[in-house]
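Notes follow the structure.
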Amino acid sequence: MASIDIANIRKSYGIHPVLHDVDLKIGDGEFVVLVGPSGCGKSTLLRMIAGLESVTSGEIRIAGKRVNELAPKDRDIAMVFQSYALYPHMSVANNMSYSLRLRKVAKEKIASVVSGAASKLGLDPLLERRPRALSGGQRQRVAMGRAIVREPKAFLFDEPLSNLDARLREQMRAEIKKLHKDLGATSIYVTHDQIEAMTLADRIVAMNGGFVQQVGSPLDLYDRPANLFVAGFIGSPGMNFFEGTYRNGQSPRFETKGGVTIPAQVHAELADGASATLGIRPEHVEIGTTAPDALKATVDLVEPTGFGIILHLSFGKAIFKAFTNDRAFLKASGEIPVRLPPERLHFFDADGNRV
Amino acid sequence: MRAKPILLMTAHRLAILAYIAFALFPLYWLLKVAVTPNDLLYSEGIRLWPSRATLDHFDFVLRHSAFPTFFKNSLIVSGSTAVIVTILASLSGYALSRFNFRGKYWLVALMLLTQMFPLVMLVAPIFKILSPLGLTNSLTGLVIVYTAFNVPFATFLMQSFFDGIPKDLEEAAMIDGATQFVAFRQIILPLTLPGIAATLGFVFTAAWSELLFSLMLISGNDQATFPVGLLSFVSKFSVDFGQMMAAGVLALIPACLFFLLIQRYLVQGLTAGAVKG
């Protein structure tokens, strides 16, 4: 196990930069999730750590040792691919032991390590099978088995669950978390699924357009998103945004472009009349309230999810969502009273940064 | 309800049968003439099978002609060409499929260009090149020429097979501790066996049936390959069809055996199950 330091990493393909000055320290045994939309550079960063992509500038250190110039085989890391990348002409046992055989580990040692990993992952009855005779979930497990037999310095996961169906994904997510608890291995996990990021990570690195947007614990990112991108990316259904103007004075408030006035708390960083974006999570919108400062919103659509209800609402042209567990709202229609609690509001300045 | 699919299937099968019959008929005729005694060849008219069959032609070809030498020469030339071309094409095909290097585009264009010339144009220059090197009238010379002409196409063929193998596999191998070459040898190559078999088969048959260069570069029976040897059954005044066809039938045997050996790989897609679910 080891720490991984990423210092001022840049990557360009020709003249096209894909990563800009990424700085990241990953502690020994930490589970870090890189999350962001497709093309944000998260997979490229992971592949640079693995040694599959060259580093344009900056430095990567594993366990304090610079690895920029090291071949993947000399970095002592294991990687689980999105496609699993199992060797089709080898049995499950041989797939798992390939790295050990390359290192000329003694046969008895290999047998015991493989059977240990297989029983941990429930692969015992499948050891003699070829990958094509396995289901998606089983292949996924073999890919994990291949990674853990070696006890590498770090595990890299490149969207390992995105080829599985929703139920299996949930199950494997829990298994990965359990495995990490057992092994305590430094892990870097790439995903575009914010639920995976929230549930697995010790720390999340949110990325967009080749820039790191925010680094923090899952709840940090949820409670105090650093900018509009993180606010919109983390959470499902996503955060509601209203564009408008912040008004200071006796009663600080926010006036949306549609002319709705929303009471707010004092935000010293915003000048009176500054244009800003207000954000509120759907689960924080109070509906059906009898509070005196309630606003009127029109119900456009009701989506029951079983667990709760998502209401599509609007203030004139400004649409937003509310989430509630109260089934009384299944039949909501027309206008309902809505309150946006001032303590739950997020404010972002004209550049999209949190204030 | 069910009559129509059955009818369609029958028609489909009949069409395939008709095609097979059409394709194989020349081979059948080869065999038929090979077993027809000389005196019946012109006297019986057109019949599907002679009234009397004989193996005399085979006997003569094997015992009294230079055919065994031709056969051996052809086997050496075609076998070596197939093996050398396949090794070269595997390496270059892999390079074209996986590496980005300067001049790749031009290299590919040049290789394509070599495939555009009618070979007849090149006979004289090639003779001129090989002659001072002592490579005319030599099997080595033939192997070199055949290799040169077959490598470009075989390279494209192998490249397409390598392109079909996910890059993830060798990256996984490299992370597991293999060098690029070990990953190529232990992971990629076994998965390309169908491609290698196809290339081997293609090059082998191309060299086996090549006539032009072998006719131009080889003089004398000692070094002749069998297509040239077949011509020795044509004399100034007559063509010994029976013996020629018998030799032809015998020449088919190695090609058939060869494809029998590799057909397992030709039909089998080994990469199934490598990636995705």
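Cβ from N, Cα, C; glycine included.
These features come from TrEMBL:
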- B:71-262: domain 'ABC transmembrane type-1' (DOMAIN)
- B:12-31: transmembrane segment (TRANSMEM)
- B:75-96: transmembrane segment (TRANSMEM)
- B:105-127: transmembrane segment (TRANSMEM)
- B:139-158: transmembrane segment (TRANSMEM)
- B:187-208: transmembrane segment (TRANSMEM)
- B:241-262: transmembrane segment (TRANSMEM)
If we call contact 3 or more Cβ pairs under 8 Å (sequence gap 6 or more), are the transmembrane segment (B:241-262) and the transmembrane segment (B:12-31) touching? yes
Tally Cβ pairs under 8 Å between the transmembrane segment (B:75-96) and each listed stretch (B:12-31, B:105-127, B:139-158, B:187-208), then give the stretch with the top tally. B:139-158
Take the transmembrane segment (B:187-208) and find every residue of the same chain, 6 or more past its ends, with a Cβ under 8 Å from one of its Cβ atoms. 74, 77-79, 81-83, 85-86, 89-90, 94, 146, 150, 153-154, 157-158, 160-162, 165, 169-170, 173, 178, 226, 251, 254-255, 258-259, 262, 264-271, 274
Which residues, given as numbers and ranges, are at least 6 beyond the ends of the transmembrane segment (B:139-158) yet have a Cβ under 8 Å from it? 73, 76-77, 80-81, 84-86, 88-90, 92-94, 96, 111-112, 114-115, 119, 126, 130, 133, 192, 195-196, 198-199, 202-203, 206-207, 210, 213-214, 217-218, 223, 225
